[in-house]
Amino acid sequence: MDGTASAGSGRYRLGTVLDIRRFHMTKLRIAFIKARWHADIVDQALVGFTQDMAASGADHEITAFDVPGAFEMPLLAKKLGQSGRFDAIVAAALVVDGGIYRHDFVAQAVVSGLMEAQMQTGVPTFSVSLTPHHFQPSAEHHAFYHAHFVKKGAEAAHAVRQVAALTV
């Protein structure tokens, strides 16, 4: 075999950037990075992720890592990817407009950094990094984002399983 596989009309080289086959050999080892700004909300992404993974019956192991803020997530994602210890990485943060800097610039840097880490290491990296336009520290907003992060965590778990099931 020449190391390629056909998929439809295209041909894909196995093992070049992302070799999904390793996911089917053992349990999924997942790193979950959480930014500590708005920790009470961000932690809900891990709750939703963990609940969804357990409900799915997928064999998995989740290791959580805390970083000070969203800006620190890409470097840790890269180091975790390079370690060879994880099959997937999830990074969660809530980046809000604090009135001092443009939160959209921070969010763009974070998402770009996570994509770069994924491409450099070949380890799938998923973002649960949200940037609301009008976040206020009110009870109503807190309750909404608390529930929303649970939902987004569950969606990330689903995405991890979808990528793990790919046969390329």
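Cβ atoms are placed via backbone N, Cα and C, with glycine included.
Noted in TrEMBL for the protein shown:
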type     : residues                                                : note
ACT_SITE : Arg102                                                  : active site, proton donor
BINDING  : Trp37, Ala70, Phe71, Glu72, Leu94, Val95, Val96, Ser127 : 5-amino-6-(D-ribitylamino)uracil binding site
BINDING  : His141                                                  : (2S)-2-hydroxy-3-oxobutyl phosphate binding site
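Non-local contacts of Trp37 (5-amino-6-(D-ribitylamino)uracil binding site) by the CB criterion (under 8 A, 6+ apart in sequence, same chain) comprise Pro68, Gly69, Ala70, Ala93, Leu94, Val95, Val96. Shown are the binding-site residues Ala70, Leu94, Val95, Val96; the one with the most C-beta atoms within 10 angstroms of its own C-beta is Ala70. Among the binding-site residues listed (Glu72, Ser127, His141), Glu72 has its Cα nearest to the Cα of Arg102 (active site, proton donor).
Of all Cβ atoms in the protein chains displayed, 17 besides its own lie within 10 Å of the Cβ of Phe71 (5-amino-6-(D-ribitylamino)uracil binding site). Annotated pair Glu72 (5-amino-6-(D-ribitylamino)uracil binding site) and the residue listed as '(2S)-2-hydroxy-3-oxobutyl phosphate binding site', C-alpha to C-alpha distance, rounded: 25 Å. For His141 ((2S)-2-hydroxy-3-oxobutyl phosphate binding site) paired with Ser127 (5-amino-6-(D-ribitylamino)uracil binding site), the C-alpha to C-alpha distance reads 21 Å. When Cβ atoms from all protein chains are considered, those within 10 Å of the residue listed as '(2S)-2-hydroxy-3-oxobutyl phosphate binding site' total 15, not counting its own. In sequence order, Val90, Ala91, Val110, Val111, Leu114 constitute the residues six or more apart from Ser127 (5-amino-6-(D-ribitylamino)uracil binding site) in its chain with CB-CB distances below 8 Å.
Cβ neighbours within 10 Å of Arg102 (active site, proton donor), excluding its own Cβ and spanning all shown chains: 10. The binding residues for 5-amino-6-(D-ribitylamino)uracil are recorded as Trp37, Ala70, Phe71, Glu72, Leu94, Val95, Val96, Ser127; their greatest pairwise CA distance is 16 Å.
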